[in-house]
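Engineer: Annotations per Swiss-Prot:
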BINDING   CYS14, CYS17, CYS36, CYS39  Zn(2+) binding site
BINDING   PRO118, THR119, GLY120, SER121, GLY122, LYS123, THR124, LEU125  ATP binding site
COMPBIAS  415-425  compositional bias 'Basic residues'
DOMAIN    2-55  domain 'ClpX-type ZB'
REGION    405-431  region 'Disordered'
Amino acid sequence: MDMAKNDDKKQLKCSFCGKKQDQVKRLVAGPGVYICDECIELCSEIITDELEEDINTDMSSLPKPSEIKSYLDDYVIGQDDAKKALSVAVYNHYKRINLNNVNDDVELQKSNILLLGPTGSGKTLLAQTMAKFLNVPFAIADATTLTEAGYVGEDVENILLKLIQNADYDIEKAERGIIYIDEIDKIARKSENPSITRDVSGEGVQQSLLKILEGTIASVPPQGGRKHPHQEFIQLNTTNILFICGGAFDGVDKLIERRTRNSSLGFGADIKSKRDENVGELLKKIMPEDLLKFGLIPEFIGRLPITVTLSALDRDALVEILTEPKNALVKQYKKLFEMDNVHLEFKEEALKAIAEEAIRRSTGARGLRSIIEEIMKDIMFEIPSDESISKVIINEETVSNKNPELIEAEGGKRPPIKIKKPRAKKGNETA
């Protein structure tokens, strides 16, 4: 009897449920504690349930594609197809991040985005506005400044440093950010066939970008510049960073046209002149083989599976850009003049003339501000000193001769500017 009692005392048992070793399949030992396989399974189920609850909460707070597009509509004029495609791609990207945080049989692959469109069509603005809406860190990099490691220029890791800096060095936040790489078409290799000489700013940069686009733990020098062995590095996982690469890809339309023309020869083929199909329409037909012929390497094309094309902006779209968005240029200049107690008016004909000048210069929306600055420079210089001006009218002639119509104030002097002084807080007042 005493022997049986001693055996019971010696037998190990689970510290959580109290079951003895012979009552369970396995007992795992720790420093002074034991846990059985049944308790391990129960703990695993609890953790999984809590993770799924967190994911459901994250999914409910994730804006839907229609909400993303609606926000983009407030700031970016036109490009409806591009905004829809971008909204869906970004929504799916953040869904993927949330899903991959739980144990699941299906692993969603990363989907970076390639934006193609003429200069000034809104590529950078779309990416900036998207990041602002999602409230995630955002960084812009210029592909033309990048070179292969070991050569004069920027390493690709410097792109990641910009994102870390914009996230105030919060690594976890940076790892869910968005990076926009502009002028990506400028790192196309110089010829379709691999060159004997080293292409350090073309194919070499594409090779350097492959790992961070796919997802890797990158070593980022905290002070930027070149890496050296005696400095500490910031470790950044790029798996959940969304990369959007943009470029004008001048000349790729000719490659698309040649391919589509060759594939539609023969009886019954549609005969179209160049005038019938603009560059924007041709870009919508782009295929990986066109990008390959342009100079992107196959591995790089594979890391950018989603292609979004933007069309060149016509005159009406440019006029809308001048007036419609929340931060429209016309609204900005009116506000500047209002701060001097001067009313600024743009005639419809003037807006059309400004838009036509931007088209003539082939600068798109990007060139609108410089055109307006040229028109307004002299009058903005005079207004603070000349108190007789109460209203400035910009008409069609002003766009060419830079002489706006000026309206004098009643009595020859406009009212003084009223500046509201901030009221002192009661807590700051002294007796």
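Every residue, even glycine, has its Cβ placed from backbone N, Cα and C.
Have a look at these and tell me how they're positioned relative to everything else.
Structural biologist: Its Cβ taken as reference, CYS36 (Zn(2+) binding site) is surrounded by 24 other Cβ atoms within 10 Å in the chains shown. Taken residue by residue with DSSP, CYS36 (Zn(2+) binding site) is part of a strand.
Taking the Cβ of PRO118 (ATP binding site) as centre and 10 Å as the limit, one finds 22 other Cβ atoms among all the protein chains shown. DSSP assigns PRO118 (ATP binding site) to coil in the three-state reduction, outside any helix or strand.
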Engineer: Calculate the distance in Å between the alpha carbons (Cα) of THR124 (ATP binding site) and CYS39 (Zn(2+) binding site), and round it to a whole number.
Structural biologist: 53
Engineer: Averaged over the whole of the domain 'ClpX-type ZB' (2-55), what is the pLDDT?
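Structural biologist: Across the residues of the domain 'ClpX-type ZB' (2-55) the model's pLDDT averages 77 on the 0 to 100 scale.
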Engineer: Between the Cα atoms of LEU125 (ATP binding site) and CYS39 (Zn(2+) binding site), find the distance and write it as a whole number of Å.
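Structural biologist: The Cα atom of LEU125 (ATP binding site) is 53 Å away from the Cα atom of CYS39 (Zn(2+) binding site).
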Engineer: Look at each of the binding-site residues, CYS14, CYS17, CYS39, LEU125, and point out the one with the fewest other Cβ atoms around it within 10 Å.
Structural biologist: CYS17
Engineer: Given SER121 (ATP binding site) and CYS14 (Zn(2+) binding site), what distance in Å do their CA atoms have, once rounded to a whole number?
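Structural biologist: On Cα coordinates alone, these residues lie 67 Å apart.
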Engineer: Have a look at the binding-site residues CYS17, CYS36, CYS39 and say which one has the shortest Cα distance to GLY120 (ATP binding site).
Structural biologist: CYS39
Engineer: Using a 10 Å radius around its CB, how many other CB atoms surround SER121 (ATP binding site)?
Structural biologist: 27
